[in-house]
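Okay, structure first, notes after.
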Amino acid sequence: MKISVVGTGYVGLIQAVGLAELGFEVVGIDIDEMKIKQLNKGKSPLYEEDLEELLKKHINKNLTFTTSYEPIKDSDVVFLCVGTPQDAEGNADLRFLFSAVEKMKDYLDEKYRVIVIKSTVPVGTNRKVKEILKGYNVDVVSNPEFLREGIAVYDFFNPERIVLGFEDLSNKKPIEIMETIYGYFKEKNIPFIITNWETSELIKYASNAFLATKISFINELAKLSDKVGADIKTISYAMGLDKRIGDKFLNAGIGYGGSCFPKDVKALIKQFENNNIEPILIKATDKVNEEQIKWFFEKIKGYYGNLNGKTFAVLGLAFKPNTDDLRESRAIKLIDMLLDSGAIVKGFDYVEKARENTINMYKLNKSKIVYGYNLYVLDDIYEAVKDVDGIIIATEYDYNKEDWKKIGKLVKEKVIFDGRNVLDVKKVKKLGFKYYGVGRR
Ligand SMILES: NC(=O)c1ccc[n+]([C@@H]2O[C@H](COP(=O)([O-])OP(=O)(O)OC[C@H]3O[C@@H](n4cnc5c(N)ncnc54)[C@H](O)[C@@H]3O)[C@@H](O)[C@H]2O)c1
């Protein structure tokens with residue numbers, strides 16, 4: 001079976017490489033020439049553990065990349081994995097998706113093909129795509145993606161479920177083709193949810209909005225804990241022991257970011273509103289998240305009074321650990337707020353590509369210490385904390401492994417604002433640090 005994957009970002013590239021590893025002949029298609037050039041040299045344009053090794057293993061064997069849509073001619077299945085970012089009103093912007101569908105048309109002929117939409121799309125989109133492809137010999141399948149950046153390759157081979165939405169469940173042809181492609185997962189007894197388009201589309205939004213709501217719930221509670229002297233970490237732990245609640249996504253912090261939760265929550269709100277239903281709970285989830293970072297920033301400001309001329313180490317740049325993705329990163333939002341207040345920021349992330357992306361995003365000068373405005377990006381955590389007035393933890397890494405005694409000697413003032421509640425409070429306090437967490441002292 002020959003497969004094309006249109007869009008080679010976080011989702012498409014993992015899909016292409018993963019399917020190649022499962023033995024399929026795969027072509028990745030993207031409009032970004034630089035990306036394709038890099039990929040054909042076996043270099044990954046984005047950072048994910050094990051991704052580059054797998055890419056190198058299959059490139060120019062059963063995996064190739066191109067900017068041309070021509071390979072669609074030979075393909076039995078086409079996966080659409082283009083971005084669906086947020087538009088100015090908060091809706092999912094489907095321009096990339098529709099443009100890919102239009103381009104694809106030139107290469108469709110009488111041969112039967114399955115077109116699979118992997119991008120996160122609002123309810124009704126698969127139906128619209130089928131409408132656009134009316135008269136062509138295709139079936140359109142909804143197959144939302146659930147991978148987590150940072151462990152995306154692992155997630156490809158170990159999904160918790162595979163969701164497949166079809167136009168007509170009595171039409172067995174596309175179902176059988178999808179079950180063949182995902183035969184490896186069938187053998188592993190991964191649950192398959194075979195349903196209609198609308199249900200499949202909504203499963204994706206429901207899952208992301210629920211997780212976001214869990215985060216906003218604990219974040220709101222952390223504000224009260226902070227005020228009354230309760231410890232949110234102990235509360236989360238106790239709550240999580242209740243199996244009905246579970247311990248995941250209950251760590252209070254400065255809010256969720258990334259390329260999915262913020263935009264998907266907003267897009268779900270719009271889908272409710274477009275159907276004249278008031279999305280009370282989901283709107284609150286979004287609002288709590290927007291407020292959380294401001295609340296934390298006020299905490300920092302409240303400590304110093306005036307941030308003008310103060311220097312901070314911001315630990316973590318990407319939106320979560322082990323990724324280079326800066327989209328909607330709370331660390332970047334915090335950096336912007338600090339810079340706007342006249343502070344000097346020394347940023348650090350363990351992932352080299354996250355540091356590179358920050359340098360490129362702010363168009364910083366490239367030198368040994370990378371600087372521009374009042375922002376410096378450093379390769380070494382000890383360089384980042386040197387002479388700072390405060391340390392701010394913005395991304396959820398385990399910084400306890402660092403030498404906090406040494407850090408204590410390097411900083412100007414021993415103050416930590418732990419935006420992810422990751423530090424061993426007792427330990428750092430014993431070393432003379434003042435500690436401010438999120439609902440935790
Ligand atoms: N990133 C995640 O963790 C994740 C997880 C689950 C679902 N999703 C969803 O998957 C989709 C893709 O997300 P992503 O993070 O991979 O996006 P991305 O921005 O990393 O990648 C999108 C790619 O599509 C390419 N592209 C745009 N228009 C194109 C066209 N007409 N033809 C060919 N290529 C085109 C872009 O150049 C880019 O390389 C989105 O709908 C997203 O919501 C993302």
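Keep in mind that glycine also has a Cβ here, set from the backbone N, Cα and C atoms.
These come from TrEMBL:
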| type | residues | note |
| --- | --- | --- |
| ACT_SITE | Cys260 | active site, nucleophile |
| BINDING | Asp30, Lys35, Thr84, Thr120, Glu149, Lys263, Arg327 | NAD(+) binding site |
| BINDING | Phe146, Leu147, Arg148, Glu149, Lys204, Phe249, Leu250, Asn251, Ala252, Gly253, Gly257, Lys320 | substrate binding site |
| DOMAIN | 313-425 | domain 'UDP-glucose/GDP-mannose dehydrogenase C-terminal' |
Leu250 (substrate binding site): secondary structure state under DSSP, collapsed to three categories: coil
Residue distribution over DSSP helix, strand and coil in the domain 'UDP-glucose/GDP-mannose dehydrogenase C-terminal' (313-425): 37 helix, 23 strand, 53 coil
Separation of alpha carbons, Thr120 (NAD(+) binding site) and Cys260 (active site, nucleophile) (Å): 9
CB contacts for Asp30 (NAD(+) binding site) [other CB atoms within 10 A, all chains]: 23
For Thr120 (NAD(+) binding site), the number of other Cβ atoms found within 10 Å of its own Cβ: 22
Residues that sit under 8 angstroms from Lys263 (NAD(+) binding site) by C-beta distance, when 6+ apart in the chain: Thr84, Pro85, Gln86, Ala92, Glu328
Close binding-site residues near Arg327 (NAD(+) binding site), where close means Cα within 10 Å, chosen from Phe146, Arg148, Lys204, Leu250, Ala252, Gly257: Gly257
Recorded positions close to ligand 1 - of Asp30, Thr84, Glu149, Gly257, Cys260, only those whose C-beta is under 6 Å away: Asp30, Thr84, Glu149, Cys260
Binding-site residues near Lys204 (substrate binding site) (Cα-Cα within 10 Å), from Asp30, Lys35, Thr120, Glu149: Thr120
